[in-house]
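> First, the structure itself, so that you have it in front of you.
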Amino acid sequence: MLVDEVEITIKGGHGGKGRVAFYSKMGAGPSGGDGGKGGDVYVQATSDLYALNKFLSQPECKAWDGQMGGNNRKTGAEGEDLTLIMPLGTTIYDQESKVIEINELNKKELLVKGGLGGRGNTFFKSSSNTTPRFAQSGLPGEERKLTLKLQLIADFGLIGLPNTGKSSILNELTNAQAKIGDYPFTTLEPNLGMLNGKVIADIPGLIEGASEGRGLGHKFLKHIEKVRLLLHCISSESDNPLKEYKIIRDELKKFNPKLWEKEEIILLTKSDLIEKINLEKKLKSLAKTKKKILPVSIHNWDSLQILIKVLV
Ligand SMILES: Nc1nc2c(ncn2[C@@H]2O[C@H](COP(=O)(O)OP(=O)(O)OP(=O)(O)O)[C@@H](O)[C@H]2O)c(=O)[nH]1
Ligand SMILES: [Mg+2]
């Protein structure tokens, strides 16, 4: 199951207590060190789409507390920071206002700070009080309740009717190992793969009525919003490729006109399955779309190389 919305509470570590201590030599004064600062909480992106799943069972995330100050004016150790790993394309909301959009791999961003450590009694030594017998307790870390919403970000998105070979192409072009099946709706959740540093997303098959929620329509369509270029897959075996093209285009437009306006290349897939003359006919019928069209087959190395050249 892909978790694409979840609520969490995050908390910085508590600052360590200051220590009350004195040098053993008579009259040498206070020696209590300050408490260490509590750890901060950061967020960092991963290409693992499923990285929000863990928050379902772990909705509270806290960095480590700072340690108490030591003797000999030694500051307590700082609490360890906590880095939350979230998928690329996650937007973090705080009471519905957007806080951070995670759109860069490996960039670390601060979410909340840990509390400061308390001052040890050494800090309070003065001419009027040479033997202070008190120290501060540390401060609590910041706390925030956040909602995480995922919309995947990809350079290229494979879209189309079910069973048109989208996952097969993803697997050929990238390191992904998406499930393939000779039946519709094999893919129930998006898959991601990397091609020369670019992200390709395989979106589950869309059907007529997707924009009104048929199939898992909305759930899939919203994941296309942050895709830069659409790779619209139509099977060469289709009797009417232009009609199939229009079905998907209509759904994109109804869901969000911005999807419809996105740059798009048509892939006439499984080109090995039909005669060359028929392939030419189908390419011709799709020419009306005025889009770039590439015949592709996972069993034809050259066709895949041509596609790769267009993409990278
Ligand atoms: N001959 C041939 N078969 C292909 C090709 N590409 C995919 N197939 C087959 O077509 C079927 C569907 O492929 P998938 O990659 O699962 O299709 P999909 O578009 O991801 O399907 P959904 O996830 O259901 O939307 C599988 O049996 C594949 O082996 C191709 O280029 N040539
Ligand atoms: Mg699939």
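Here the Cβ of each residue, glycine as well, is placed from N, Cα and C on the backbone.
Okay, these came from TrEMBL:
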type: BINDING; residues: 160-167, 185-189, 202-205, 269-272, 297-299; note: GTP binding site
type: BINDING; residues: Ser167, Thr187; note: Mg(2+) binding site
type: DOMAIN; residues: 1-153; note: domain 'Obg'
type: DOMAIN; residues: 154-312; note: domain 'OBG-type G'
> When you measure from each Cβ to the nearest atom of ligand 1, which of the binding-site residues Asn163, Lys166, Ser167, Thr187, Glu189 fall under 6 angstroms?
Asn163, Lys166, Ser167, Thr187
> If I take the alpha carbons of Thr187 (Mg(2+) binding site) and Ser297 (GTP binding site), what is the distance between them in whole Å?
19
> Do any of the binding-site residues Gly160, Asn163, Thr186, Glu189, Lys270, Ser297 touch ligand 2, in the sense that the CB is under 6 Å from one of its atoms?
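If the test is a Cβ under 6 Å from any atom of ligand 2, the answer is Thr186.
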> Any idea what the Cα distance is from Pro204 (GTP binding site) over to Ser167 (Mg(2+) binding site), rounded to a whole Å?
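Pro204 (GTP binding site) to Ser167 (Mg(2+) binding site), Cα-Cα distance: 9 Å.
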> Among all chains shown, work out which of the binding-site residues Asn163, Ser167, Thr186, Thr187 has the most CB atoms within 10 A of its CB.
Ser167
> Do you know offhand how many angstrom separate Gly160 (GTP binding site) and Ser167 (Mg(2+) binding site) by C-alpha?
11
> Suppose you look only at the domain 'OBG-type G' (154-312); what would the mean pLDDT be?
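That region's mean pLDDT is 93.
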> Where does Lys166 (GTP binding site) sit in DSSP terms: helix, strand, or coil?
helix
> Only counting partners 6 or more residues apart, tell me which same-chain residues put their Cβ under 8 Å from the Cβ of Glu189 (GTP binding site).
Met1, Leu2, Leu49, Pro204
> So for Lys166 (GTP binding site), how many other CB atoms are inside 10 Å of its CB?
30
> Specify the count of other C-beta atoms within 10 Å of the C-beta of Ser297 (GTP binding site).
21
